[in-house]
Amino acid sequence: MSSLQQPIPPNSTLATTASSNQSGSNDFVKKLFLMLQEDSYKEVVRWTVKGDSFVVINTNEFTKDILPKHFKHSNFASFVRQLNKYDFHKVKISNEAKASYPYGEDAWEFKHPEFRINDAEALENIKRKGPTAKKSASNVTIKTEANNNGTQPTCNHNYSQLVSATNHLKEQVESLKNDKHSLYQEISVLERKYKTVVENIVAINTFNERYYRSMNVLINSIVQNGMKLPPLDFPPPVQLGPDSGIGSNLGPISSDTALPSISHHLSSPLPHHQQLLNRTIRPISSPIDGIPLVKLQQQSLGQNLQAPIGTPSAVPFSEEASSSIQAATPAPLAQPVAQPINQPPPPPPPPATQQQPLPPPPPPATATSQIPSAPPPPTQQQVGTSSSSVPTISPKSQGIVVSNSASPTTSAQISTTSVPNPKFHVLLVEDDNVCIQLCRKFLVKYGCSVTVVTDGLNAISTVEHTKYDLVLMDIVMPNLDGATATSVIRSFDTKTPIIAMTGNIEDNDLVTYLQNGMSDILAKPFTKDDLYAILSKHLLDPKENKQDNEPTVKKQKLS
């Protein structure tokens, strides 16, 4: 029989204490002391190293084996409550001390000032708490209520201040809501105005394009009919598409053949905008219609003229200038230039006469303009249909010639690079010369015919006039940004893939690009493999795209 189950000897101190103190019996504490003195449950419960407290190492084993045998408790919580009745308290272990605590993180350590190892006499000082504790608790409650009565006015004052501050915050929130609503309305008005401005800009550019076409056709007709023209100041057009055909259409432009405007495709054009778009240039069929302009020109130049005059410009043109520029014109290219769709062929040259030789027809590509770049491949031909140039008219008949120096800026230039038997026609909208050079080099290498424009307005006009297989669109450009240009293009062309080329690839920017109608994103800086991946994704058939993934092999498919 173990020592815990044996009765305590009558002459022992523990037995005497237990019999003499029935009201404040501490048998529970004595049983706990005797159990800790033994080593039978050392792995479950033991004294600490200092001996002034004990620790329950394994609460599960302690609850399962020890409590039912020695303390008649059904769970560990009731055992803890019993300890609390004898003024035992759990020792709190800080987080820093837990790292080096020798008994484990799940151990429970209890301590009483009079409960120490090998100190059985001190057990007499451990008494069970009596009902006086309840009285003291009630006294504490009474004192607390008295203190609360003293602090109630202060609490009421603080509460009133909080209510006042809350009401003030509510007023501020309502004011902010009203301001937000007003700002939203103002932004909506600004958006409508911005859309109207963009529509009018596009309409004005279309109107100017038709105007310059008509003037050019008129001057060509007069020159070919044998009439001599004086030196004229004729400005280059601000915007001409790649299929504008200046110099190739020698007949007058009537209202039936006027170019459609992009804004016809917009969802809600304004009345003033519609009137501006519907206005066409009336063809001038005889010199009589130009009499008022002739009189104005006679007053300014002091000459007797019988021909209509163009709008003034900063560059005058004379016979010598015409001869010099015509002499510097390069010979025709060996390879045919890729022409935009719906481009009428140039008419045959009229028969020459001895007295007044008629001018030969200008080539379909009105001027050659190249962005400075490295020497192109042998198959690369760069033919610019620059919107900042007017074609050379008649080298021997005092025609009108416009030099590229009349408009030195490159923001309005349009150039086309063709390859033999191109499989795809790509429009590159970019204003950076280095990016133009690299993209054009790779696109030509992959067998694509490339048209380059350098601003958003030219991009809109070019896409309206010519069908492209893919558009590479820069975002930050002069005149009109790429996102706005894409939104305008999507009003009349929803199928052509438009790829955004930008270094701004934040989530908000990407969402904006996609909302404006862009099909995909090509993040700058990119490699030729990235460019090829975009081309294969949007131009190749899915079967062809799956067969090869190497750019060197894919290049043969594109070509």
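Please read every residue number as a count from 1 along the shown chain.
Just so you know, glycine gets a Cβ as well, placed from its N, Cα and C.
Per Swiss-Prot, the feature coiled coil maps to 166-193; the stated evidence is sequence analysis.
Marked as compositional bias 'Pro residues' by Swiss-Prot: 342-365.
Marked as compositional bias 'Low complexity' by Swiss-Prot: 380-397.
When pLDDT is averaged over the domain 'Response regulatory' (425-539), the result is 90. Annotation comment: Swiss-Prot describes 425-539 as domain 'Response regulatory'.
Taking the Cβ of Asp474 (4-aspartylphosphate) as centre and 10 Å as the limit, one finds 24 other Cβ atoms among all the protein chains shown. The annotation 4-aspartylphosphate is assigned in Swiss-Prot to Asp474 on the grounds of sequence analysis.
The region 'Disordered' annotation in Swiss-Prot covers 1-23 (among others).
The region 'DNA-binding domain' annotation in Swiss-Prot covers 25-131.
The feature region 'Hydrophobic repeat HR-A/B' is assigned by Swiss-Prot to 151-222. Look at the region 'Hydrophobic repeat HR-A/B' (151-222): DSSP puts its residues at 72 helix, 0 strand, 0 coil.
Taken from Swiss-Prot, the feature region 'Disordered' applies to 312-405 (among others).
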